[in-house]
Structures are given as C-alpha cells and as structure tokens.
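Database features (Swiss-Prot):
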BINDING   His267, Ala524, Arg525, Ala526, Ile527, Gly528, Tyr529, Pro530, Val531, Val532, Met533, Lys534, Ala535  ATP binding site
DOMAIN    498-549  domain 'ATP-grasp'
Amino acid sequence: MGERRFSNQQIDRLLRPKSVAVIGASDRKGALGATLLNNLVQYEFSGDIYPVNPKRDELLGLKVYHEVAELPEGIDCAVLAIPRPFVIDTVRQLAQRGCGAVVIYSAGFSEAGEEGMKDQLELAAIAAEYGMVIEGPNCLGCTNYVERVPLTFVETNMQTPPKGTRAVGIASQSGALAAVLATALHPRGLYVSSSVSTGNEAASGVEDYVEWLVDDEDTHVIAMYVESLRRPKAFIAAARRAHAAGKPIVMLHPGKSNKAQESAATHTGAMAGDYALMKTKLAREGVIFADTLEELADITEIALRCRALPGANMAVLGESGALRGLAFDIAEDIGLDLIHLDDDNSPALRAILPDFVPVSNPTDITALGLSEPEIYTKVLTALLEDERIGSVVASIIQSDPITSGIKFPHIIKVLDGGTFAKPLVFAGVDEGATVPKEYIDGLRKVGIPWFPSTERAYRAIARLADLSKRDLADNSGDPIVVPGLDAVSGVVPEYKAKELLRPLGIAFPPSQFAANAEAAAAAARAIGYPVVMKAQAAALGHKSDAGGVILNLKTDDEVRDAFARIYGNVEAYDRSIALDGVLIEKMGKMGTEMIVGAKNDPQWGPVVLAGFGGVTAEILKDVKLFTPEMDAAAVQRGLLELKQAPILKGYRGAPALDVAALAELIVQIGRVMAGNPSIREIDLNPVIIHPAGEGVAALDALMLVER
C-alpha cells in the first residue's frame, strides 16, 4: 500500500543517531568493523560509540563491550559487521534492548536462495514487531554528511556541505552505485547531504528514505539507483510529496532492454513490460529518468546548481556555423526543442548583434568574441531575459588558457549577481581543451554548470525540460464498473468481451454469436452482408494464426461453408481447442489499424497502451502508455508523439484521422480498468481509426479476468 512504514523520528535513529553500537568492532586492517569504527572516530562522531567484540577490552581508546547484553538499552543504531549466521539472533537481542535501527552488511539472504529468503523474512518480522528500522541486509551502509555520521565499511571522504549549500540526497539499492555517484559529484564541487544503500530491503526500502529526504532541510535534489520497487504505491506517494516540495527525483533504473514475457495472453501483456509501466507511472509523479550513471550526475548537477529547472524552448549561443548544424542534429535526436529566433521576432538580439550576424538559434557569433568579448555578456543576457526561452546554453570553443581567459569572465559576469529564473549552462565544444580550474570554478560559483561536451549538456537539459512539458494533473473521471463481470473469469473470448464492453459505449461493429451453421447464416442475414466470421474460444488467442477468420462472406451458403472450414482449420491447428462457436460481424470499411490495450498491474495499478496496431504491432512497437489520470486532451498529445504520427495528421494528401475519438476510447478503457481491478488485461486489436469526425471501431476484443 501507499502508507508510510516509518516516521521521520524512526529514520532519524538511523541517519541522525545520538548513539551507535559497532557489533564486530575490530582493529584488524581490512575488517569491516575496523573501517567502520575508524570512520566514526576519524570524523569525530558527536554521539556515543559502543564497540562490541568478545575478545577485546579497548579499541581506538574506546571501551569495548563483550556482548550485546552488556550494552545500555535504547541505543539509536547498531551496525552489524559480523558473519551471516549470527545476524538474526543479534538483531533480536538488539530489538529487545530498544535499539531503534540496525545496519546489516552481511550478504547471503534473499539473494542466496530459499533458506536465505526465510532468514530475511524473519528479520522483517523482528522489525515489524519492534518498530525497528533495518537497513539491508547486503548493503554498504549509510552516511549523513551534514551531521558527519559515516555508518559504512568503506573509507569515507566526509565532505560536509557548507551552511546554505544545496545538496543531493542519495537513495540507492546498490551500495557501489551510491558510492560511485558521490565520488562523481565531489570533483564538480557538489555536495551530498545523506546517502543510503538499501541492499535487499528486508524491512525498509528506498521509498522510506525518499520520504525522509523530502522533509530533510539539507536535501534539495534526490538521486536514486533503483533495480526494483517493491512497494510501488508507497514510492508513488513519496515521489508525489517530493514533487510538491520542489525536490526533483532523478532516477537511474536499468531494465529497459528486458525481453517481454513470451507467454503473455494478449499483445498488451507481451508489450507493456514492467520497465515501461514503471516509467509511465513515475513520470506522472515528476520523476526524471537518466540512462547512464554519467547522465544521472549531469542531471543532478543542473538541478542543484541552477536557480531554476530548464523549461521548454532552449536557446544556444554558439561560435561556429558547422557546430550550429551539429547542434540541430543532436537536439533532434534527443527530442530537445530549440526555439526559432530571427531578425523579426527578436529585436533585442538584433540590436546587439552586428549587421553581418543574423539572429538565429543557435546564434552564431563567429569569432567576434575574441575581439569584443562583451558580446558574450550581452547576448546571453538578452536570451535569459526573453520570456519565451526556457534555458540557455553557452556552446563555447575553449581552446587554451589564453582563449578561455578572454571568454570565461564575460560569461561568468552574466549571472554574477543576476536573478534570472532560468538556467544558463556552459557546454564546451572541444572536450579535452586545457581550461584553468579557476575559470570552471568561477562558472560554478555563480550557478553555471560546466560541461566538457555539448551533447552531455543537451541530454541533461532535455531530461529536465521534459518535466515542464508533462501534464501531471489528475484529470481522471469516475471509474466505470462493468455489469456482469462476476459471471466470467480467465481468458474471456471476443464475443463475451464485446457483450460486456459494448453497453459502456465502446464502439464495435454490429455482431452476433452463433453456435451452428444455420444460426450463423441467420445472424448474417440479420446484420446484413457482407460479413466476417471469426472462431470463438477462450484458448484461441490469435485467431488468424489458426485460420479462424474468414472475410467478406456475401451469401448464406458462403456462411455455412465458412463455418465448416473454420472448425476444420482450428482442429488442424490445435485439436485441444474446443470452439464455443463463431462471431458473425458486419464488414466495415477499412482504415488505419491501431491497438488499444490495458493492464491492471497488482502493484502499479491500471495503465492503457495505445498506438499503431494490427498483426505487426509487436514488431514495430510504435505505442505509448497512458494512465487513467489523463484526460482526452493529454492522451491526444501523447498520440501525436508516436513515430508514425504524421499518418494521424494526414499524410501525402490523405485525410487527418479521428484522433479525438481514439483518445476518448483510451480514456474510457482507462476508466474501465480503474473500476474493475479483476480485469487484468484488455486487448482491442485492431482498432480502425477513420477520418476526422467518423470515429473509431474496435474489430477484435479479448479480456483476461482474474480474482
């Protein structure tokens, strides 16, 4: 569920402890307990330290306790640097003595098989019984850099953020990635407030620490490495709070290359994998995704250093026509919007630039800056003052220390004391150029991130600017309950699915079910020729593969003959499939084939998939995911982002298609999924989209109902 498991006060006993017990303390070089104890002493932990080792009386000038039973009651946090077999009993003893939090380094739990999972569940039970926060097992520990609390077994570079400095909080399921990210940020002059590696998450997960970081006044951005969210609804609640608090969450989540499940019952199940579902749901909560660790650090830097997040419509100051062309290519590849600027719509720029330099975006000032370096200040200021522009990039040839010395001071001057509510980012175009550190530090001091390459800057800006284009409002309508759903279960064949969905306003062609040839002929006459005949059985997921679809039947005799042929085809395809009968349906005019499907994930909730469909849907995968919170206008915008969207708009003289009707269908299916958790999947494929004003028609329907 979405409820918080721990209060901030409970997490405080882990991340702001007043007392720490080191179980397995040592002075043996390389021992986990030795490094941990040395960290606490070296960085002058302000609270009480209680080393525990049955064979020692003193370590680093501290009294050593021989067993947990000797410890005072109510210690805030205990860190276990002991072998796995001793962990459970030790945790239980600590819980009984009122210890508030435990860090478990030891591996060999859920990742090690059935026995390890059993022990991990026992840890979870102890935590639940005593209200204890357990970090791990199989984790690197945690560090509060602000209050200098290093509860980790690796040597720590304790860089405490100066008072008033914006800092990032790290919540990572990988201890190594948490450490690497902190290491990557420090040379950039960026600070970490607190870092937590959650490991196997026996009793606390990343969502618990995000909740704490949202309320932490020393944290301004939250960076995450996540492999699997075990409590999605709780994380969504935490992400929603972070967005409301103005604290961006930047997440690196591997998994987009995972193969879809081949055994899925419908196209939708095969295509809407967990990664895509997760990303769709979290994007609506304001989460920003990175594709690489470097990109995670780059996005974090802009979010921390700049005075505001990038908006849509980027403007670029450049110094080369050739590089201007490359900028267009990079921007198009990553979906970054470059605002159009010209002499007519940008009078402020026109007044600044010499006659031989046209106003454009990127603005190419050529080598003018070497002789008139104040041009950098003037142009960048004009771009920042333009309300149409959401972010500005100085794309600069750095060359050498002398050239940098001419250019950098005039770029730094733009923000030195300025109050622009949009980011200015420096992007070198000559990665590897020798640039004195003092110039880079000067940029950073006034809030200008420095990137050695244009592409890195563009990608990070694109990820952040995308947030400004998202419709995060909850515009969901009332959930729709399907009458008669209690009478079906498992895979629901087409004819029954249409019987259930048609009364809700889902557009299907006229159709009738028939169990024998004469009934089929009578149905065809009632509907009106020509008709299509389709085999019907719960076990027949892909009718066309089995020869179970015959088109354009025009007479009673053709219908009777088709009935026999379909039964023969299906029997030849798979003798185990027993047909319920056939569906007789009116042949309608053809058009562009789309797919509309939906999935009710037991953890993430409902999501609707839509895009270009037909038998090639799983090959082309030109689809998008939509959530029930989106209204028809937001869905339309999403549909027009599909790769084949020009077809929807009208291509090569063809009419524009009824995207509005398709969007309404998607919204309706989303409301159906929201109102019926037992519907695991719906697949409408194909859905024919007709010219604008003529609507859509779902030609096939399949449902999966599970209770």
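Note that the numbers count up from 1, one per residue, in the order the chain is shown.
Every residue gets a Cβ built from N, Cα and C, even glycine.
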Lowest local Cβ density among Ile527, Val531, Met533, Ala535, which the record lists as binding-site residues, within 10 Å: Ile527
Cβ neighbour count within 10 Å of Tyr529 (ATP binding site): 15
Helix, strand or coil at Val531 (ATP binding site) [DSSP, three-state]: strand
Surrounding CB atoms that lie within 10 Å of the CB of Arg525 (ATP binding site), all protein chains: 14
Residue counts (helix, strand, coil, in that order) that DSSP gives for the domain 'ATP-grasp' (498-549): 22 helix, 11 strand, 19 coil
